[in-house]
Each structure stands twice: as C-alpha cells, then as structure tokens.
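Participant: If you look up TrEMBL, you'll see 20-40, 46-66, 78-99, 105-124, 131-150, 156-173 marked as transmembrane segment.
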Amino acid sequence: MQRTLKDYKNELIKDAKKGYSILLAGAIYHVVLGVLTLMLDLETIQLIWVIGMGCIFPLGVMIGKTVGVDYFTKNNPLGTLGGLMAGVQAFYIPVYIMVLQQNPVWLPFTIGLLGGSHFLVYYWIYDSKAYLFQTFAMALASLVMGGFFQSLVFETLPFVIAGIFLISVFLILRELKVSGTPTY
C-alpha cells in the first residue's frame, strides 16, 4: 500500500509529538541564558549567545526520550526534511560570528530573527499553528527589542524568547490532546 503525504505527516506527528521537547529545551536554554546575563560580563554573554544554542537540540532529544519522542524516524521523508531544516541553522553561525565581531549589540536581533525563521517549515510539517506563532512571535520580539531597545536587549530578550517557547509548548500540548496523540 502506498503511503500518502497525510500518512507521513500523521506518523511524524505521532512519533515526534510535534517536536515539543525541542521547544521546551529552547525555553530552558533561554532562561539559563537570561540568568547568566545577570551574573557574567557582556563579552562572555555574547559568546554564549553564539555557542550555547548548540545545546538546544541535544537537550530536546534527551527530554524527548523521557516522553517517548522519536526524532530519528526511518522511512519518513518528512522526518528527513525536519532534520535538514534544523541543520540549516549551522549555516547561520558564520553570520552570527560576523555580527559578534563587527557590532555585537545586533547579536540578539540576528539570532532571534534567523533562529525564529527556521521554525516556519514545522508549521506545515506538523500541521501546527503553534509553530506559526513561534516563528512570528520570535521574529517580532527580536525585531522590536533588538532594534529599538538595544540597551536592554541582552538582559530582557532571553526571558521574552523563553516565554515564547513555553507558550508554543503549551499550544502544541493542547493540539496533541485535541487530536488524541499521547504526550508521554
């Protein structure tokens, strides 16, 4: 029997639980980043903005394992597409490094806007309006705070982004509950 696009989507939604553990890891990372901002010097924080994001995916996978999430599904091209989209962020790192070297005050804006934009494809993959919210809320918050409130951006934007991630997690959990997909 030939599987349809809808079959692939439903399988991935069930196996990956719409990826909510990655978003939860993003919230945790940004809370930690915000707290560290209160304790460390600005140059160290700027480096953490660039390097620290690399911990989100592995942390999300570890959290996901505790609730039965499988991000490495076999024989599902949409799982491959999701992985490729996550990997696209590696190409942003040279941009982040350039911004760090040239004008680091723009780092939160750049990371928030580019990082947030990569979530848009998951809106389609997972049939999830939560990812549409995640994409536009993260981009808008980064634009407003990084563009107009630069004197406070390092201290405040991590907490705002953490809140956006948490709202997205709750929206996804609600979507999963409505669809009857177990979240554990």
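Yeah, the Cβs are placed from backbone N, Cα and C, and that goes for glycine too.
All TrEMBL annotations are machine predictions without curation.
On a predicted model such as this, the values are computed, not experimentally measured, just so you know.
Looking at the shown structure, can you explain where the listed features end up?
Facilitator: Within the chain, the transmembrane segment (46-66) has long-range Cβ neighbours (under 8 A, six or more residues past its boundaries) at 16-17, 19, 21-26, 28-29, 33, 36, 40, 86, 89, 93, 96-97, 100, 104, 107-108, 111, 115, 154.
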Participant: If we skip the immediate neighbours and take only residues 6+ beyond the ends of the transmembrane segment (156-173), which ones have a Cβ under 8 Å from one of its Cβ atoms?
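Facilitator: The answer is 17-20, 23-24, 26-28, 30-31, 33-34, 37, 108, 112, 126, 128-131, 133-134, 137-138, 141-142, 145-146, 149, 183.
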Participant: Using Cβ atoms and a strict cutoff of less than 8 Å, what residues sit near the transmembrane segment (20-40) while being 6 or more residues removed from its termini?
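Facilitator: Non-local partners: 48-49, 52-53, 55-57, 59-61, 63-64, 67, 69, 71, 134, 154-156, 158-159, 161-163, 165-166, 168-169, 172-173, 176, 183.
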